[in-house]
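Trainee: Here it is, the structure in full.
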Amino acid sequence: MSCFGGDPNFCPECGNVLPLPGIQDVVRCPRCSFCIPVAEFSGLEIRSSVVFNPVEQSTLTLEDEGSSELKGAVIDRRCSRCNKEGMVYHTRQMRSADEGQTVFFTCINCRYQEKEDS
């Protein structure tokens with residue numbers, strides 16, 4: 001009995017993306033090893049596309065780095081460069097979704113930046 005269903009691109013058991021049918025008589029899910037006979041894919045057309053964001057939307061610009069204010073929560077963390085207390089942080093998912101996020105710290109005194117993988 002399957003939990004998922006409908007789209008032939010995904011495993012009906014775990015929802016993982018299925019590999020394309022090959023020369024074998026079954027398509028095996030790489031995550032849960034669920035097998036689907038290749039005959040079930042007969043007559044289906046599977047398409048995929050990649051859409052990139054325009055560069056204008058993904059580029060962050062600062063007018064003047066000296067006048068721009070740091071935004072975010074100030075935490076009790078000591079800067080490794082100037083040794084003063086107080087840093088602003090933000091997080092970003094840099095690696096795959098099943099791994100922790102990356103935390104970026106910026107000193108409110110000297111604007112030194114550090115990163116930490118969590």
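Each Cβ is built from the backbone N, Cα and C atoms, and glycine gets one as well.
From TrEMBL, for reference:
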type: BINDING; residues: CYS11, CYS14, CYS29, CYS32; note: Zn(2+) 1 binding site
type: ZN_FING; residues: 11-32; note: zinc finger
type: DOMAIN; residues: 75-115; note: domain 'TFIIS-type'
type: BINDING; residues: CYS79, CYS82, CYS107, CYS110; note: Zn(2+) 2 binding site
Trainee: Determine, to the nearest whole angstrom, how far the Cα atom of CYS107 (Zn(2+) 2 binding site) is from the Cα atom of CYS14 (Zn(2+) 1 binding site).
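Mentor: Between the Cα atoms of CYS107 (Zn(2+) 2 binding site) and CYS14 (Zn(2+) 1 binding site), the distance comes to 44 Å.
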Trainee: When the pLDDT values for the domain 'TFIIS-type' (75-115) are averaged, what is the result?
Mentor: 90
Trainee: CA-CA, which of the binding-site residues CYS79, CYS82, CYS110 lies nearest CYS11 (Zn(2+) 1 binding site)?
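Mentor: Out of the listed candidates, the nearest Cα belongs to CYS79.
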Trainee: Counting across all protein chains shown, how many other Cβ atoms sit within 10 Å of the Cβ of CYS14 (Zn(2+) 1 binding site)?
Mentor: 15
Trainee: In the structure shown, with every protein chain counted, which of the binding-site residues CYS11, CYS29, CYS79, CYS110 has the densest set of Cβ atoms within 10 angstroms of its Cβ?
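Mentor: In terms of Cβ crowding, the pick is CYS11.
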Trainee: Looking only at Cβ atoms, how many others are within 10 Å of the one on CYS82 (Zn(2+) 2 binding site)?
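Mentor: The Cβ of CYS82 (Zn(2+) 2 binding site) has 12 Cβ neighbours within 10 Å.
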Trainee: For each of CYS32, CYS107, count the other CB atoms within 10 A of its CB; which of these binding-site residues has the top count?
Mentor: CYS107
Trainee: Within 8 Å of the centroid of the Cβ atoms of CYS79, CYS82, CYS107, CYS110, which other residues of that chain place their own Cβ, given that this set defines the recorded Zn(2+) 2 site?
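Mentor: These residues sit around the Zn(2+) 2 site: SER80, ARG81, ASN83, LYS84, MET87, ILE108, ASN109, ARG111, TYR112.
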Trainee: Residues other than CYS11, CYS14, CYS29, CYS32 within 8 Å, Cβ to Cβ centroid, of the Zn(2+) 1 site?
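Mentor: Filtered neighbour residues, in order: PRO12, GLU13, GLY15, ASN16, LEU18, PRO30, ARG31, SER33, PHE34.
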Trainee: Roughly how many Å separate the Cα of CYS79 (Zn(2+) 2 binding site) from that of CYS14 (Zn(2+) 1 binding site), to the nearest whole number?
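Mentor: Distance (Cα to Cα, whole Å): 45 Å.
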Trainee: Could you tell me the C-alpha distance between CYS32 (Zn(2+) 1 binding site) and CYS110 (Zn(2+) 2 binding site) in angstrom, no decimals?
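Mentor: Roughly 50 Å, rounded to the nearest whole number.
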Trainee: What counts of helix, strand and coil residues does DSSP assign across the domain 'TFIIS-type' (75-115)?
Mentor: 0 helix, 21 strand, 20 coil
